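Q: What follows is a structure written as C-alpha cells; I'll ask about it next.
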Ligand code: HEC
Ligand code: HEC
C-alpha cells in the first residue's frame, strides 16, 4: 500500500499547483465599476432617460412583478408617505383609474392576510421597475414561457 502511495504524491502536488495557476487572475477581471480602486468613486453613471407612459406591459413569466409603465420621478415613498399607494392602494385605485395592488401585497410572510399593505411590499420599487431606453448591461437570450408568448 505505502509503496504505491508514495510515487503518487509528486504528481498530485504538481496537479494542485496547476489548479492554483488556472484560478482566474484577479488583476484581469473587469467589474461593473471598471478598474477603479475601491477607495475612489467612479463618475456616477448617467441614468438613461425614463420612457414616457407606455401602457400596461406584457409579463414574461407568471410571478413577475409587472413593469412600471409610467415615470416615477418625484413619487415619494418613505415612512410617512407612499405615493404609489395613493393611486394603487385599494382605497383610491378606482378613483384614480389605476390597477390595484393584488392581495399578495397584503399578506405577511406567514401567509396571514393583513388589513393594510404588508411591510414586505411597502417599498414598491424594490420589485417594480420603471423603464429606460438603456442598453442591457449583459446580453441575454431569455424568452417568455410558451403560454405568455
Ligand atoms: C397618479 C397615480 C399613480 C401613481 C402615483 C403611481 N401610479 Fe402606477 N399606474 C397608474 C396608472 C393609471 C397605471 C395604469 C397605466 C395604464 O393603464 O396605461 C399604473 C400602472 C402601474 C403598474 C403596472 C401594473 C400592471 O398590471 O402591469 C405598476 C407596476 C405601477 N403602476 C407601479 C407604480 C409604482 C411603483 C408607483 C410609485 C413609485 C406608482 N405606480 C405610482 C397610476 C399611478
Ligand atoms: C417583494 C416584491 C414586491 C413589492 C415590494 C411590491 N410588489 Fe407589486 N407585485 C409583485 C408581484 C410578484 C406581482 C405579480 C404577482 C402578484 O400579484 O403577487 C405584483 C403585482 C402588482 C400589481 C398588479 C396587480 C394585478 O392584479 O395585476 C400592481 C399594480 C402592483 N404590484 C403595485 C405595487 C405597489 C404600488 C407596490 C408598493 C406599495 C408594490 N407593488 C410592491 C411584487 C412586489
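Placement of Cβ uses the backbone N, Cα and C atoms for every residue, glycine included.
The structure displayed is predicted, hence computed values, not measured ones.
Here's the feature list from TrEMBL:
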SIGNAL    1-22  signal peptide
BINDING   70, 84, 87, 88  heme c 1 binding site
BINDING   105, 124, 127, 128  heme c 2 binding site
Q: Can you grab the distance from residue 124 (heme c 2 binding site) over to residue 84 (heme c 1 binding site)? Cα atoms, rounded to a whole Å.
A: 8
Q: Which chain neighbours of the heme c 2 site, leaving out 105, 124, 127, 128, have a Cβ atom within 8 Å of the mean position of the site's Cβ atoms?
A: 65, 84, 101, 121, 123, 125, 126
Q: Around the heme c 1 site (70, 84, 87, 88), what further same-chain residues have their C-beta within 8 angstroms of the site's C-beta centre?
A: 68, 75, 83, 85, 86, 96, 98, 124
Q: If you count Cβ atoms within 10 Å of the Cβ of residue 88 (heme c 1 binding site), leaving out that atom itself, what do you get?
A: 19
Q: Which whole-number value in Å describes the distance between the Cα atoms of residue 127 (heme c 2 binding site) and residue 84 (heme c 1 binding site)?
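A: Between the Cα atoms of residue 127 (heme c 2 binding site) and residue 84 (heme c 1 binding site), the distance comes to 13 Å.
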Q: Least buried of the binding-site residues 124, 127, going by other Cβ atoms within 10 Å?
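A: Selected from the binding-site residues 124, 127 on minimum Cβ neighbours within 10 Å: 127.
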Q: Which one of these binding-site residues has the most other Cβ atoms within 10 Å of its own Cβ: 70, 105, 128?
A: 105
Q: Of 84, 87, the binding-site residues given in the record, which has the fewest other CB atoms within 10 A of its CB?
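A: It is 87 that, of the binding-site residues 84, 87, has the fewest other Cβ atoms within 10 Å.
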